């Protein structure tokens with residue numbers, strides 16, 4: 001279930017410069033652990049189902065939490081529950097021994113059951129956004145989409161000023177680059193401050209199978225917001241990401257470059273340059289033609305025309321309630 005970007009985050013918060021925290025113990029910074037943990041709040045009273053997808057086995061919930069702490073209004077949180085993919089090496093365990101079954105129906109050679117898996121095979125990926133703001137609630141709510149074509153002039157006069165007015169944070173990106181969070185998840189790093197990057201698994205991939213392989217390359221250089229900022233000055237960085245990213249994935253996962261889709265989003269989900277690496281057969285959210293720009297073609301476009309992305313008209317989808325859509329539509333009215 002993919003939606004157009006809401007000028008925020010895929011993993012969570014979003015753009016705008018913010019100071020890097022001085023210690024690793026600050027709230028919101030930490031790496032994974034196998035030890036039992038608790039949710040960062042108490043209680044969860046469902047307020048609304050923001051969105052759900054039977055096909056993708058995912059549901060987005062808005063809830064009130066911490067209502068027993070004396071604050072009668074509680075706090076807002078978003079919890080995303082997603083069924084995890086089957087792991088081929090473990091799936092036979094579901095059918096061995098005496099699996100717990102409930103018969104739905106039987107007809108000749110066909111029968112359908114509810115199967116209740118053992119605890120170690122029944123995990124649900126749970127993503128928590130807490131405390132959640134109204135922007136988060138709007139981000140995860142299902143909305144109709146509209147295509148819009150943005151000229152270079154539109155970007156400079158409308159889109160860029162709008163983005164700069166949002167005061168959104170990408171501190172979580174800097175935490176990764178500064179090794180204050182998710183350091184143990186980094187697959188590869190080129191540490192060059194100008195032309196280097198880190199390669200890290202996207203949170204949508206559980207790293208248990210290669211069919212939905214999904215990694216993100218995040219550049220070290222700050223100040224490159226999106227495709228629109230790219231010039232020939234950035235070609236060494238882009239070439240490094242393409243070549244070294246593919247080499248690192250081949251070394252770690254034995255997946256060759258011709259089996260990867262390597263692309264940038266426009267509009268991106270957060271405004272710090274990053275590149276997506278996904279398995280070619282995986283229909284990743286945001287990999288459609290209205291949003292994905294293949295990195296190899298981005299490099300070639302910049303080689304042919306240094307101002308290609310400052311001049312080109314770009315097409316993308318926005319939610320109908322997005323103020324940016326309204327700004328662009330109004331400006332383009334005859």
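Glycine is treated like the rest: Cβ placed from N, Cα and C.
Within 10 Å of the C-beta of residue 274 (active site, nucleophile) there are 23 other C-beta atoms, taking all protein chains into account. Positions annotated as active site, nucleophile by TrEMBL: 274.
Note: residue 275 (substrate binding site) has non-local neighbours 197, 216, 217, 238, 241, 242, 245, 262, 263, 264, 295, i.e. same-chain residues 6+ apart with C-beta under 8 A of its own C-beta. Feature annotation from TrEMBL assigns substrate binding site to 172, 182, 202, 204, 265-276.
As annotated by TrEMBL, region 'Disordered' applies to 1-34.
Of 172, 202, 265, 267, all annotated as binding-site residues, the residue with the shortest Cα distance to residue 274 (active site, nucleophile) is 265. Within the group of binding-site residues (172, 265, 273), the Cβ with the highest number of other Cβ atoms inside 10 Å belongs to 273.
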